[in-house]
């Protein structure tokens, strides 16, 4: 009787806004490795090191689109934490399922709209440089190095995309946590513990991304091995660590996992 009640209660709690955003994050974390899986397996299993231009452009579209979509979801989760802590009585009325669905669609639309021009901008160039990428998947900043044309427009647009997504999202996340910290210190210090998992997810996502961006723009003399390690860290480290962080730090998820494997 008690176990049944616990299971039902946990099931309902996992439909709260935080867990709906968490499910979006999980899908993105699953999608990013899947985007690189065909080329990585092709290299290590059958030695297939060639990729067509169209396939490369499609791969970089999905990789960048999912990366910026993850940034949007992390911002949405920060907003959810802000509402839950600073406006607890209005939480259910502000973040309804309809609102969450709209936030997800807007985030997806923003990512697709910003990344959609990149493959077409790259396709119009001729590639006369060494046709060898430094790692096993395609990125916009890496493909640009293979052209002999003037890539100033692509560089400016790429910087605009980064600033309008990652930089703005990270600033808004910092702002939300500044407001949360002000509320917590003034009223309830214990509520800060609910944000630890999200803070870890933010650090896991933005630290490799910023490091990769710095290396590609300012560390051109860095060894290829460092670039390869940073590239794989940027794509694979957050998807591996996010489930661990949330499973350890979130009691409801931890109880569900324990209940699933122990009973």
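In case you wondered, yes, glycine gets a Cβ from its N, Cα and C as well.
The feature domain 'G-protein coupled receptors family 1 profile' is assigned by TrEMBL to 1-246.
Within the chain carrying the transmembrane segment (20-45), a Cβ under 8 angstroms from the stretch's Cβ atoms is held by residues 51, 59, 62-63, 66-67, 69-70, 73-74, 76-77, 80, 97, 100, 104, 136-138, 201, 235-236, 238-239, 242-243, 246, all 6 or more beyond its ends. Look at TrEMBL and you will find 20-45 (among others) tagged as transmembrane segment.
The transmembrane segment annotation in TrEMBL covers 57-79 (among others).
Annotation comment: TrEMBL describes 99-122 (among others) as transmembrane segment.
Annotation comment: TrEMBL describes 156-179 (among others) as transmembrane segment.
Among residues of the same chain six or more beyond the transmembrane segment (191-212), those with a C-beta under 8 A of the stretch's C-beta atoms are 25, 67, 70-71, 74, 77-78, 81, 84-85, 166, 170, 173, 177, 180-181, 183-184, 230-231, 233-234, 237-238, 241-242, 245-246, 249-250. Sequence annotations record features per position, and here TrEMBL assigns transmembrane segment to 191-212 (among others).
If you look up TrEMBL, you'll see 224-246 (among others) marked as transmembrane segment. Counting only same-chain residues 6+ beyond the ends of the transmembrane segment (224-246), those with a CB under 8 A from a CB of the stretch are 22, 25-26, 29-30, 32-33, 36, 63, 70, 134-135, 137, 139, 197, 200-201, 204-205, 208-209, 211-212, 215-216, 253.
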